[in-house]
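The next block holds one structure in the form of structure tokens; read it before the comments.
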Amino acid sequence: MTHASNTHPVTELTKELIARPSVTPLDEGCQTLMAERLAAIGFNIEPMVFEDTTNMWARRGNEGPVFCFAGHTDVVPAGDLSRWHTPPFEPTIIDGYLYGRGAADMKGSLAAMIVATERFVAKHPNHPGSIAFLITSDEEGPFINGTTRVIDTLEARNEKITWALVGEPSSTLKLGDVVKNGRRGSLTANLTVKGIQGHVAYPHLADNPIHKAAPFLAELSQTHWDNGNEFFPPTSMQIANINGGTGASNVIPGTLEVMFNFRYSTEVTAEILIERVEALLTAHELDYDISWTFNGLPFLTGEGPLLDATRHAIRQITGYDTDPQTTGGTSDGRFIAPTGAKVLELGPVNATIHKVNECVKIDDLEQLALCYEVILEQLLC
């Protein structure tokens, strides 16, 4: 095992960002550091603070098309510190990997974006169009005051993004083997099934909501929602939480609470899913309350300049072809896509994200910056 320093500019900036313990929704000066670098190469910096969330909109140029790097400075909590090989906010290089919370998700991407942009502007100071950065500290949290609020601000003044490249860790086994050219929609239900509480020895005086709901839940879990399509897998429904009872063995509960989530394709809409679930509840004659939370619409970036440029960049820098996919969770791309922007996600290998000993290969950081730079050249030269 070797511990070494590294002079790669992307690695050095990543280390500076990791050293700022920006657990969501904190930013801890990460955006200030980025803003200083961007201002030095001609970006107009516009901080946007909404309640406890720090956001930044930075732009170089006044004309279209607008290429936007999007990402987040916040990270998830470090968790059990005793399980980390190194302190999570003390960036450490071991055997060619940089360890620290946020190394892969997504401070490495942020550093690569900055360095790629600096190199591009140095070579092309009079580039056509505009380059922008949309950065938030509210991606890992409730995503209320982050990207969605910035987009609302931009939309209100008719400022449009043409292409957005989100730095989420899209890669699986090696850098660039997968890019995300879309995401499924996400819809969450919070269901309360009502009964009558009572003593288990006197069931005729009570009404057990667990017993009543069981056939519904069985049918819900076995329902086929759609077949998916060439871009999206079939819609998936997963029960995430069930809670009922007082903890005592002799009490029939009065209510049952169930939370379930849909990750849905473009073959259905949220409205169709809601209609089908509520029809199922009615068919089972349940007394219930239900609330729905829209977490994001599905989106897809098909063939076109952004996907072409990204494919070209990955092939040029890595020597292999990428695989566009729509699998996985949601990202802030879901807030950008409804504006009409084309959105892709390209970032490091995601094997250690949200885990103890999160790390990124330092050679991947430099390659990622080169990919980003080639994408800029393909779109704005």
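The backbone N, Cα and C atoms fix where each Cβ goes, and this holds for glycine too.
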Can you find which of HIS72, HIS204, HIS211 Swiss-Prot lists as binding Zn(2+) 1 at the same site as ASP105, GLU168?
HIS72
For the Zn(2+) 2 site, Swiss-Prot lists ASP105, HIS354; sort out which one of GLU63, GLU140, GLU155, GLU377 goes with them.
GLU140
Roughly how many Å separate the Cα of HIS72 (Zn(2+) 1 binding site) from that of HIS354 (Zn(2+) 2 binding site), to the nearest whole number?
14
When the Cα-Cα distance from HIS354 (Zn(2+) 2 binding site) is computed for each of the recorded positions ASP74, ASP105, GLU168, which gives the smallest value?
ASP105
Chain-internal residues near GLU168 (Zn(2+) 1 binding site), provided their CB is under 8 angstroms and they sit 6+ positions away:
GLY71, ASP105, MET106, SER109, LYS180, SER331, GLY333, GLU345, GLY347
Rounded to a whole angstrom, what is the C-alpha distance between GLU139 (active site, proton acceptor) and ASP74 (active site)?
7
Express the distance between the Cα positions of GLU140 (Zn(2+) 2 binding site) and ASP74 (active site) as a whole number of Å.
7
Packing count at ASP105 (Zn(2+) 1 binding site) (other Cβ atoms within 10 Å of its Cβ):
27
